[in-house]
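Participant: Let me give you the structure first, and then I'll get to my questions.
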Amino acid sequence: MAEHGTDEPSSRTGSPDGEGQASGDRLSLHQRLAVRELIDTELSYLHLLRLCASDIRSRLQQLPQGDLDVLFSNIDDVIEVNSRFLHDLQETTSREEEQVYLIGNLFLEFQEELERVYRVYCASYDQALLLVETYRKEPELQREIQSVIEAVVPQAGPSGLSFLLVIPLQRITKYPLLLQKILENTVPDASAYPVLQRAVSALQDVNTNINEYKRRKEVASKYARVEQLTLRERLARLNTHTLSKKTTRLSQLLKQEAGLVPRTEDKEFDDLEERFHWVSLCVTEMKNNVAVYLDNLEAFLRFRPQECDLDITGGPVPEYCSLMRELQLQAFPRFKQRLEGLVWQPLCTLAKALAGPQNLVRKRLDKLLDFERVEEKLLEVGSVTYEEQEARHTYQALNSLLVAELPQLNRLAVRWLGQILCTFVGLQRDLAQQVLQRAEGSLAQLPHYHLSEPVFWKLVEDTLGQNGHQLRSFQENFEKVLPPPTVQPLLPGAERQVQALLSRYGPEKLYQVTSNVSGAGTLDLTLLRGQVVALLQNKDTKGNSSRWLVDTGGHRGYAPAGKLELYHVISGQEEIKGQEGPHQDSHHLAPEPIPAPVPSLPTVTQAVAVYPFVARSSHEVSLQAGQLVTVLEAQDKKGNPEWSLVEVNEQKGYVPSSFLARAPSPAPWGWSLPS
């Protein structure tokens, strides 16, 4: 026994193989414990998440739905991903020999999904904490929340919601530590060792990317806020620092527009911004159109013809009044209510959702100017201040966030707008069906109700053909008195400005505006129809050939190329008859085509407007094509026959004489279905 006792310790410590075997056993044991810790903690973590999503969230119905959405964020997506992850993790226990290798590969497979769901949750965590702080200021509400949490999760303690909300953040940051623990207890020459190394690095990258995404979101939320400030409040925010920044940005922008410094080109963002601009414009136009539609519908509902005394007894009149009364009281109000709830409100919500990104895109331009100035200084000096470095990081964060999320925002907005349009069409179709169903009895009173559909349509086609012939005859009679078409004439007194542009730039650079232009963007001009401008450059600083740089004689800026046409200068043209001197040495300006002699109109006669005309001063009056006017004077006060004094809609003013023609007197015409 003594000999056996003395030999036993020597057999454990004296042999190198024995020591290596003991060390390997300890590593293997610690590795299994680390794997067991990973699986067990994942199981309990997922159990807590499910309690939050089901029991706790369902019992906090006293909170607004918007608060619940912020508090629990995308916890359902987190549960879905972690449930699949846990299932695959548990399946590795059946293959013990290669379990560690499988765990490393499993983390690599779930790397992108984990980052996708956890970055959204982590980005909204601070906002959730702000809500929790507001609840603590209401003792009664705080007690109700605390009682719900203690009943479901007793271990939460007095921390309550804060304890539960921070759990996903703690879990995603703990994954690299758990993997590192498994890696430390894995021999370097094992096949699982490099896989575990990549998994540890991948999960560290996930946490880094989540932090960066959270920082970008914080910057975006800071600049995306849309504040409705009065002029007094805006002026109160001005100080020397803000004035200095705005002055520097303006200087940088002017140097770029003048071509003194290069502009940072970002084709990817420019394309995304242009698409976002068009999406926003479509939403705004749709909202304006629906608002006008609702106003017209409201006016239509106020008009009640069935309540008027038509002084007609018998016949279809009583049925018509009954039908209109039913539609006015039931069908149309119901349609208006559905239109407001299913089209107008979603459209307003969509427009409001786009306001923040629109503000963010505008802020990006300011930050880009700061970034370019700092980059110039960095190249010249080699160093920048801490504040300037922060400006660089702010721009990079904003730009990265917009490039990453604008495509998805554009897709969602287009899909949302498409659904609203489909709903609008569906509501119109439902209304038409309801009206037809309710009017079924009244249709029998129509004169041609007994005709079959083919015969009825043949009757309609024949009648339309006959009346079309009458319209063509009227058109031929009308065109016989039309003067040749002409471009909008110049404003009285604008000749001097045109002469100045002509002498400075030459006739080949002069263009005339074909329709009114309302400048909306940076350096865009507001121009009137008929105004003459000089072309400086047939593209903007981005190379866009549809936006030209022009000079009005007083201001320089951009105008759409599609609304400009070449203005021809005709030399040696005779003066308008009635003025002295057969010829003038100076050039006479006139748009192409050359107008024919202005037909003189008798004083106080009826005429028809051949073309529409937009009044540009209080001395002029607007016309619509085909509108009947009364000619008071066939010339202006200076005797110039190019302008006529007319009266239309009880308003007097001057219009171009070439836009008028004597009112023809064709044979009476009209159309109606034969009985």
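Cβ from N, Cα, C; glycine included.
These came from TrEMBL, pasted as-is:
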COMPBIAS  1-10  compositional bias 'Basic and acidic residues'
COMPBIAS  577-590  compositional bias 'Basic and acidic residues'
DOMAIN    30-213  domain 'DH'
DOMAIN    254-455  domain 'BAR'
DOMAIN    506-569  domain 'SH3'
DOMAIN    602-665  domain 'SH3'
REGION    1-26  region 'Disordered'
REGION    577-598  region 'Disordered'
Participant: Just to confirm my parser: what is the rounded mean pLDDT across the domain 'SH3' (506-569)?
Facilitator: 86
Participant: Could you count the residues of the domain 'SH3' (602-665) that DSSP puts in helix, in strand and in coil?
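Facilitator: Secondary-structure composition of the domain 'SH3' (602-665): 3 helix, 29 strand, 32 coil.
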Participant: Across the domain 'SH3' (506-569), what are the DSSP residue counts per state (helix, strand, coil)?
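Facilitator: When I sort the residues of the domain 'SH3' (506-569) into the three classes, I find 6 helix, 27 strand, 31 coil.
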